[in-house]
Each structure stands twice: as C-alpha cells, then as structure tokens.
Amino acid sequence: MGKLANISTNLKNSLQSGLHKTGQSLNQAGQSLKAGAKKLILYIPKDYEYDSGRGNGLQDLVKAAEDLGIEVQREERNGIATAQNSLSTIQNILGFSERGVVLSAPQLDKLLQKYKISKAPGSSENVAKNLGNAQTLLSGIQSILGSVMAGMDLDEILKNKGSELDLAKAGLELTNSLIENIANSVQTLDTFSEQISQLGTKLQNVKGLGTLGDKLKNFSGFSKAGLGLEVISGLLSGATAALVLADKNASTDRKVGAGFELANQVVGNITKAVSSYILAQRVAAGLSNTGPVSALIASTVALAISPLAFAGIADKFNNAKALESYAERFKKLGYEGDSLLAEYQRGTGTIDASVTAVNTALAAISGGVSAAAAGSLVGAPIALLVSGITGIISTILQYSKQAMFEHVANKIHDKIVDWEKKHNGKNYFENGYDSRYLADLQDNMRQLQNLNKELQAERVIRITQQQWDNNIGNLAGISRLGEKVMSGKAYADAFEEGKLIKADTFVQLDSATGVINTSKSDNVKTQHILFRTPLLTPGVENRERIQTGKYEYITKLNINRVDSWKITDGATNSTFDLTNVVQRIGIELDHADNVTKTKETKIIANLGDGNDDVFIGSGTTEVDGGNGLDRVHYSRGDYGALTIDATNESVQGSYTVKRFVETGKALHEVTATQSVLVGSREEKIEYRHSNNTQHAGYYTTDTLKSVEEIIGTSRNDIFKGSKFDDAFHGGDGVDNIDGNAGNDRLFGGKGFDIIDGGDGDDFIDGGQGDDILHGGKGNDILCTVKGGNDSISDSGGNDRLSFADSNLKDLTFEKVNHHLMITNVKKEKVTIQNWFREADYAKTVHNYQATADEKIEEIIGRQGERITSKQIDELIEKGKGKIDQSELERIAESSALLKESKFASNSLNKLVSSAGAFASSNDNRVGLGVPTSLYEHTQSVQFVRAA
C-alpha cells in the first residue's frame, strides 16, 4: 500500500496544474447549465432478464434509480414503444423515446459485467451490494446529461422534432461516448462509477477538483511494477493496435499506422459525437453549415496535427533500425548491448507514437470544436466541456507515458543483470568495450600486419585505449546501471612477421596500478611499443548514483589515482612513443572548457639493456636508459622548448630537461558528463576521456640517466653540454647548442642555430638555415649543407669542413676582407671568419706575432675531394683574392689526393650522409616510422679520433 500511496501522491502532484486549468474550463461550462433532462427513464426491455450472478447488481441500479426519481419502466408492463428516431437505444447506454431520455438497462448491465473478474476492494463482488455506488453512477450520468443538454426543453424537442431533435441526439451520443471512454479507462466498478460522478460533479461544481488525482490511484496499472504497452491497451482501449506496436518485426510505417489506429479507437467516438453535436448546434441556432464553415473547421483541425510531433517518433524507429543493423556485428563478438538499445528505441517509440497520436487527435478535436462553435452561444458550453475532457485525458496520458517508459527500461535492466549472472559476474559494459576492441582489431588488421615492416621491428606491441562509448553510456543510463559502467579499457596486442600473436605472455599492461612491462623479449632483437590511441591515466574508477531531483540522477565519478606509469624494458632494442600517453589531467575548466588547473601523471621508464629510443610526451618523464646507446626524442608533439644545462653533471648521460609548454592545446584527460533521457527521468553519468584541450601553459621537468643522445623540439631550444661526450640535435627552431667539454656531436637541424663545440674533438652540423658555428678547441669536423648562409669560426686544433651536398669544383673561394667566403652553385655562402686576419696583420703591423689559428685545416667536397688551408692560401694569392675554377677541378681530379683520403672519405661520407638525412619535421606519427640513426656511433668516434 505504501507504493500505491506514493504513486497516488506523484500523480496528484504531476496533475495539479493541468487539472486546475481543466477545472477552470469545466467551471465555465457549468455556469451556463440549466435543468437538463426533464425525464430520465431506466428502460428494461421485454424478455430481458438479468442474472445477479452474471451481472454486477442491476437490482441495485433499479433501487438507486427509484431513490433518485428516475422512472423505471419495463416494456412488457408499460408498453412503451421505442421511438423510430431513437439513437439505437438497445445498442447504446442512452437513447431517446417519445417520453424522454432512456437509460438502457441491458447496456448498463453489459457494461458492468466487465468488472466481474476484479477482486480488488470495491470491485464487483462488493459493489453489487453497495447501493451507494449505483446511486453515484446514475447521478453522475444525470449530471453529464445536464451539462451536454443545457438549455434544451426536451418536451418541446420531442414534440416538434426538427433540428432541435438532431441537437439532442448529438448531445446524447456525446454522453454515450464519454461514458464508454471512461469505462474503457478503468479497471473496477467503484472507479468507473466514481469517474462518471466525478466528471458530472466537476461540470457543475469546481470545488474539490484537486482530488481527482486521488481517484486515479484506482487504475490497476498504476499499482503494478510492470507498466508497459498493456497499459496503453487498457487505458486507451486499443488492444489490436498495441499488439502491432509491440511487434519488433513490424515495419515503421505499420507502427505509425497502428498509432493512428489507436488514436482513432480512443477518440474516434468522441470525434464523431462532437462533430455531430456541434453541427447540430449550428443548425439549431440558424447558423451556416456551408462549405466555407466546413473548410474553417477542417483547416483548424489540420493545423492542430503537427507533422513535427511525429518526426521525432519516426526518428526513434529509424534509429532502432540503424542500431539493430549496427548491433549485428557486435552480437557475433559476444555483445548485445546495441541490440538492447534498439529494443528500447522501439519500445519507447511505440509509446511515443501512441501517446502523440492520441494527444494530436485530442488537439484536433478541441480545435475543430472551437472553430465549429464560433458564433454560437449554444456551442460555447460544449467547447469548454470538450477542452476540459481532452485536458484530463492528455494529463493522464503524460503521466502514464513515464511509467511505460520505465517498464521498457526495467526490461533492459533485467536482461543485463541476467547476463552477468550467467557469465560469472563479468561486467556487461566491460564486455561491450571488449567487443569494440575486437572490431577495431578486425578493421585495422591489414594496416597492422604491415607494422613490422614500416617500423622496422621484429615485434610491434600495440597498446589501444578504448575510450568512452556513447552507446554504452546510453545503455547504462537507461538501465540505471551507471555505477557499473567504466570510462574505457586498455588493451595490448602484438605482431611478429605481420602476424597477430598473443601478447599477454610477454607484455604486462595494468591500468589500475600503472604498470607496463615489456622486459620479456623472448630473444627478439627489436621491438616497437606503439600507443595507438591516447592512454588514460592509471587508477581505479568508482561511481555513485545520486538523486538530485524528482526525476534527476547523477552518477558521480571518483578515481583512486596512481601518480605515475612505470615502464620496464629488457635487453631488446626498443622504441617507445609516449606522446599518446595522457599525462595532464584537467582538474578545473572554465565555461569554454579550457583547462585552468591541472594535475600531472609522471612516467618512469627503466629501459634496461639494448639501444632504445623514447619519444617524450606532454608531462614529466624520468628515463633511465640503462646499458646500450639510448636516445630521447622531443621531436613529436609541441610540448615546449627545451632548456638543458648539464655543465655541473658528474655522471655521463645524466641530464635535467626543463620545459615550459606555452598557452595552447595539449592532450589532457578531462571529466565530461553524458546525459540520458528516459521520458522525464534524466540520468547524468560522469566519465573521463582524452581531449586536445586549450590550457594556460605549464612547466615540466624531465630527468634523464644513461642517455647518449637527445633530439630537441621545433622550438628554440637551449643545450648546454657536460664535461662528457654529448650528442644534441636542435631540430627546427633557433637553437643554441654548447657542447662544453668532451667529444660532442652537435646538430642544428632547421633554423638559424648557434653551435659551439667547446673543448674536445667535436662533430658539428649546422643543418639548414643561417647558422653560426664555432668549433672551439680540439680537432673538430664541421658540416654544412645547402639551404642557408653559415658563419664559421675556429680556435685551434686540426679542423675539417665538409660540404655534404656540394662538389669541391662547384664551389667558389674568395677573400673578403679578413674572411674566406665559399659560395655554392645556389649562391649560398659559407664565411670562415678571420681566415686571413693573422696574415693581414703580419703584413701591416711591424714585428706582428700571430696569436691564433683561425683557419680550417681541410675542406672536403661530397665525393671526398679535399683542399688544405695551405693550398687555399696559395691559390688565393695566385688568383689575387680568388681561386680559379680550373685549379679546383685539378685538385678534384687528383687521384693521389683521393687515394690518400680513402679512409677518411668513406667514414666521413657515411657520417655526413646519415646526418644530412635528419629532419625533425619529417619525424611524424602518421607514417609510424622511426628516424634512422643520425650517425654510426662507433665509426664516428673512431673517425674523429683518427682524424
């Protein structure tokens, strides 16, 4: 009973405003009422015998009629002849005889028999003994007749006939329709009698209208947990149409057609009765009933039927059809959630179609009545009456609609719970993500089979994050199981020789604890760990569903976060691209979803043995390269310029890398909310996902250990080397690179770079752009390529300058002031600063003593041809400031020179060739390629030392 009381209270609250408005209309109708039916006769025809065991107490009706002053007439005793112009008295509850309005006892008895089966308190077995209910029923009919037939003098009408009689007939038929529809909308006799009385009372007295909601509690459907399509057939008297609408195999057109059929069954009688009544009123009042008037009525009805109301319903059925088609694939993969969504769309589409069709028809009736009654004082009361009736029906429908929606949702909920029981408690929604992953694997298999070749790795480990799925979220909201859904799931698979292999024997991926372990190499020499989609931060999700309003719920997301990913590798030569690992968490966002406050997830990578490559992402990263030649790349993504200062490092390969990521967009994990509507119920479910989100800028610091090489960003990087051997690559941007002590390998890349080798035997490649190169002390090798004008200075040592892409004979050497200017065929210049300064001072300054060696001892062309600083000085002197091209051709053709420099040429060519191929702009994720080594480490060291 507690549940019934709650339903009653909810009904009362939801109907209050609608009923109040309806009551106002009905009250206005009541104000115009006069004494209606002069005589009401309870008519029992000849040969009719009612069975008290079969019926529901007709004897009580007879007694009640007598008490109410209603004449009871038996045809065989009184010989009353039924008028020939009767409205089928035997077929309807009410009709006309020559003496007045006839209340048909057989029809009443037949109507009451339907309640025989009810066992509820106040049902047929009890009501048959209750005279009060019979009196309530008959007095209600009297009241309705009084409203519909207000102002009519039945004696005169029956005597004179004509148009007034037609009006009376129409009013009587309307009353019949109202009674029948009320009868079809209830389940017990006491409810039926009370509803009849209620309508009649409200027509005459608006007091107590607010209690109508209490009467609705007697609808048996509301007291059941299972409210669904059966309520439509009971409440709206459309069993056949409801069966069609419930048929999942029925076409959309058939469903929509059934919806209209249902509407006709519900309101068809009222429509016909109202039309007849209004037209009769117009004729009786002497008003026009011609074509223009009919057109007015028709147009008003047409305007009331909006195709937009049905467009959304058609969309539901179309969505259901599309979902069912989509679901077929995932059914084969073990997941039927999309099919459940289609089932929900069909079920709620059925309800929407039915209710919308009925409401549309009711609106059309009201519109037609208002139009037809225009200009008729007689028609005004019935227009208000119909408005009130349709308002009540619409309000009941809307409340019933929510209950029916929930019934469909409950079925979905139960199917999910049953599935989990049958599968040992496995999470249904996790199974959904599993199916999505398998489908993705199938879709991309051809591309994945080429990964080993494209990435030049014996084994490719692919880590895929299945992120939030809207269909899965919708299903969780509909079924009220949002607490069990997850934001996604991460998977690992592997490929060798283009074939998919089982990965869990050598890959450990644990998103809950933040562990990625690829150390079990199984003698594989090279492997590439590819994060194909953004990997969410580690931790365990917990959800709690909270009610925030009458029909509003939110499933809050709480995450027990782990502060870092821990990556462990073994002896294999491995490549890790961490740029798709989400490290930034958007804690606070502004109204435009820009991140204003963040939290960071660190990456700790222990690479073990092997020559490893790591591409750094958006957040703090700690890399321990272990043994082997390891490289750290900052060339993918735009995560701030580097500032590296290793001048005080005491251990080789140790660096602290500071970055400031400027205002812009970066990969963040953010929390979002999906809203799911189940009729009036709104479910909001929080989930997390990755997004390239606008942020206000942030600082981050990386710690590198046992790292042999660092590749910079496309921004303006600063490198300050250690006292050990360093290898730096500036990439794009204006970079400032200082090798400091040690035998360093320094690459500028694109941009206008400033590179200083410092002490030690250094290799310096300015790359493209106008670069400033300084070899410093030691025996340095400087390299220049086309694409810029370089300025070179040197300060001691046995140094060499290589033109990686120019033949020696194609260069022009000339003296410009104190400098040596070398020009290639593209008119790009390399200026060696102060080449002639010491010699010029010696010529002009008495007893000048040379203090510096600022010459490059040897200049080498791309074929290994070379010219020494001594030869340059001699030929410049000979050519009066410029070397003749024939001299350069002679030097290039000197086989003795080429033979002498064979070892140097081969080693340098290999070094220069690999260095010239470097370009950070080509280092993109699309091709899935990894840049080739910029140098052969062992050979380059040997060459520098030998040179």
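Glycine is no exception: its Cβ is also placed from the backbone N, Cα and C atoms.
Feature list (source: Swiss-Prot):
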- 137-157: transmembrane segment (TRANSMEM)
- 226-246: transmembrane segment (TRANSMEM)
- 293-313: transmembrane segment (TRANSMEM)
- 355-375: transmembrane segment (TRANSMEM)
- 377-397: transmembrane segment (TRANSMEM)
- 711-728: repeat 'Hemolysin-type calcium-binding 1' (REPEAT)
- 729-746: repeat 'Hemolysin-type calcium-binding 2' (REPEAT)
- 765-782: repeat 'Hemolysin-type calcium-binding 4' (REPEAT)
What are the DSSP helix, strand and coil residue counts for the repeat 'Hemolysin-type calcium-binding 4' (765-782)?
0 helix, 6 strand, 12 coil
Average the per-residue pLDDT over the repeat 'Hemolysin-type calcium-binding 2' (729-746) and send me the rounded value.
95
Tally the residues of the repeat 'Hemolysin-type calcium-binding 2' (729-746) by DSSP class, grouping H, G and I as helix, E and B as strand, and everything else as coil.
0 helix, 6 strand, 12 coil
From the DSSP assignment alone, can you count helix, strand and coil residues within the repeat 'Hemolysin-type calcium-binding 1' (711-728)?
0 helix, 6 strand, 12 coil
